[in-house]
Structures are given as C-alpha cells and as structure tokens.
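A.B. asks: Just passing along the structure, written as structure tokens.
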Amino acid sequence: MDGMTDVHYIDVDTPYGKPSDSVVVGTLEGTRVAFLPRHGRGHRINPTGIPVRANIYALKVLGVQRLISVSAVGSLKEDFAPLDLVVPDQIIDRTRQRHNTFFDEGVVAHVGFAEPFCPGASSVIAASGQEVGVTTHLGGTMIVMEGPAFSTKAESFMYRSWGAGIIGMTALPEAKLAREAEMCYATMAWITDYDCWHESEETVTVEMVVQNLLQNVAHSKEMLHKVIPQLVPSENCGCNAALKDAIITDPRGISEETKHKLRPIVGKYIN
C-alpha cells in the first residue's frame, strides 16, 4: 500500500491456532492500521479453510476496532455490473463447514445480527467509491456460499429468486465473529462476473475473475486512503456494545480457563 509508513509484521498466536498469515501493521493517513490477507500470501488457503476465528481474534488482540473486508463477488442482478462496487447491508448464510462463533464451549452468548454490517462504516465506503468515480451501490443482499467451486445454474437462479444481489465465499463467518468481538464490520464487495445465470454473458471462469479483480485493486487502494481516516467510532451503530446484554451464562459457572481464552472478547464484561 503506497503511503503506508512504519510497516512491520506481527505473528500472533491464538487459542484458535495461527491466523492466515502475519499481520502487517503500519500507519496510513495518520491512522494506525493492520492488514491480514485472509487467504495467506500467495492465496494458498481456500475459503472454507480460512482460520477466521484466529484471524478475528488476532486483530482484536492488536486493538483493531473497525474492520473493512475487501472481497471479490459475483453479481446476481443485471444492474450490478462487473467492476461495480457493492456495499451490502444484508447477508444470507449458505456455508456448512465453518466455525462461526467464539461461544461454542463454556459460555453462551446470543449477539444481535439483524443488521450484519456496520451502517456507519458502510456509508463511508460508499461515499468514497463515488468520490473516486466508481459505480457504487449502497445496500444489497450478499449470499455467502461454501466454495471453492462456483455455483451451479440452478443455485444461481434460486439465489436470484430470493432477491440476493451478490454472491461470495468469505464474508461469513467473518461478519458474525466481528460482531461477537464488538468490531465494526463492512464489506467492499467488487463484482468480477455475472455468476452463471446471465445467458448473454460467458460462463464465469477463473481467468475472468482474476482479470477483473486486478482492475479493482487500484480503486481499492485509492479508496482505503480515503476511508480509513473517516472510520471514527459511531454512537449509533452499537457494534462496540454487541455483547452488553448477549452473554447468557452465569459468570460463576464459567471456568478460569474459558475466561482466559475469551478475555480479549469478553474481558470488559466477565472478569
């Protein structure tokens, strides 16, 4: 990232194993930032294999409060064209094999997830997209599928019938885990193709996805320079208090081992 200074790499150990890679930490536009390649450098981890709990835990330990996901997605709507940017506000979970909570043993917590993306962070992303001249859509429903294979035509048409606008493979369980970690989470979803439903377009190929993805890299970097300084805490989003009334388990019944394991996540509520 051009303009990023004081750059260094941090290796973080977590109770959930190693993150996808070392975390790159530095300063951008006067703001301390951390970057973690979810697939690992060289894109060596498939979507289902991404250690998402370790990734979110590591970023939380490093003090990250607001998380911007940069993702490649397919379009399920005619007016969401390749190379457009979509900032989704809803999500449908079609994953089946992923750990999607920090609260699977020793503590039960039910976080609110009706609004899965931070509205404040999403608005900042959309405004920045328009500012740099990218065709930007604020709002839309994202399907998150298991992968790594792309959709069948039957699946693609079914998702369209549900009213979904885009489809990807990585926003879940990221969004759920970020909410449990009380981090603002928003997605910069770059359209690479029309999935496989569009009869007048060629069937999606890896070459097509990569070619369009590379065209979006420059816009992503330009936008992040604008987005990051504006990501101030919002009093209205509620992301930073998602666990306030969500923890159901009596603290007296939580083991010291579990408390220690989850301290970065629940420390301000359970001593």
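These residue numbers are counts, starting from 1, taken along the chain as shown.
Every residue gets a Cβ built from N, Cα and C, even glycine.
Below, the features straight out of TrEMBL:
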- 11-228: domain 'Nucleoside phosphorylase' (DOMAIN)
- Arg38, His39, Ser71, Ala72, Thr170: phosphate binding site (BINDING)
- Ser151: site 'Important for substrate specificity' (SITE)
- Met169, Asp193, Tyr194, Asp195: substrate binding site (BINDING)
- Val206: site 'Important for substrate specificity' (SITE)
A.B. asks: Can you name the recorded positions among His39, Ser71, Ala72, Ser151, Thr170 whose CA is within 10 A of the CA of Asp195 (substrate binding site)?
C.D. replies: Ser151
A.B. asks: What mean pLDDT does the predicted model reach across the domain 'Nucleoside phosphorylase' (11-228)?
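C.D. replies: Mean per-residue confidence for the domain 'Nucleoside phosphorylase' (11-228): 93 out of 100.
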A.B. asks: Consider each pair of residues in Met169, Asp193, Tyr194, Asp195, all listed by the record as binding substrate, and report the largest Cα separation in Å as a whole number.
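C.D. replies: Spelled out: the longest distance between any two Cα atoms in Met169, Asp193, Tyr194, Asp195 is 15 Å.
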A.B. asks: Considering the binding-site residues Ala72, Met169, which residue's Cβ sits among the greatest number of other Cβ atoms within 10 Å?
C.D. replies: Met169
A.B. asks: What is the separation, in Å, between the Cα atoms of His39 (phosphate binding site) and Met169 (substrate binding site)?
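C.D. replies: Counting only the Cα atoms, the answer is 11 Å.
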A.B. asks: I want the residues beyond Arg38, His39, Ser71, Ala72, Thr170 whose C-beta is within 8 angstroms of the mean position of the phosphate site's C-beta atoms, in chain order.
C.D. replies: Pro47, Ile50, Ser69, Val70, Gly168, Met169
A.B. asks: Quiz question: given the binding-site residues Arg38, His39, which has the greatest number of C-beta atoms lying within 10 angstroms of its own C-beta?
C.D. replies: Arg38
A.B. asks: Considering only the recorded positions Ser151, Met169, Asp193, Tyr194, which residue has the minimal Cα-Cα separation from Ser71 (phosphate binding site)?
C.D. replies: Met169
A.B. asks: Just name the most isolated of the binding-site residues Asp193, Asp195, going by other Cβ atoms within 10 Å of its Cβ.
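C.D. replies: Candidates: the binding-site residues Asp193, Asp195. Fewest Cβ atoms within 10 Å: Asp193.
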A.B. asks: List which of the recorded positions Arg38, Ala72, Ser151, Thr170 have their Cα within 10 Å of the Cα of Asp193 (substrate binding site), in sequence order.
C.D. replies: Ala72
